[in-house]
Amino acid sequence: MAKKSAIETNERRRKLSQSKAAKRASLKAIVNDKTLPIEERFAATLKLAQMPRNSAKIRVRNRCEVTGRPRAFYRKLKMSRVALRELGSQGLVPGLVKSSW
């Protein structure tokens, strides 16, 4: 089980990145638009730099929904391999059966 503080920090980052995503995308579009004057692009760069670091999507870490484990994460299932194995052996994951041949 991951530390509660790490899970909460990640959730705060996720919420902040979702709320600031539109503003960040518009500023990035201005910065990358080569047809605009350099002063306007530089001003957008400064505004982008003044935004909170945790509002960047890259700061969000994929974590297991069950245990909070940050590694060995399956995106499709939103859980780690350890949790998947435990729940699968209990028969709680639909369609997952223990292999036998």
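Backbone N, Cα and C atoms are what each Cβ position is placed from, and that goes for glycine too.
Worth saying up front: this structure is predicted, and the values here are computed from it rather than measured.
The compositional bias 'Basic and acidic residues' annotation in Swiss-Prot covers 1-11. Proximity of distant same-chain residues to the compositional bias 'Basic and acidic residues' (1-11), defined by a Cβ-Cβ separation under 8 Å and at least 6 residues beyond the stretch ends, is recorded for 60-61, 63-64, 67-70.
Residues in the compositional bias 'Basic residues' (12-24) partition by DSSP class (helix H, G, I; strand E, B; coil) as 13 helix, 0 strand, 0 coil. Under the heading compositional bias 'Basic residues', Swiss-Prot lists 12-24.
Annotation source Swiss-Prot lists region 'Disordered' at 1-24.
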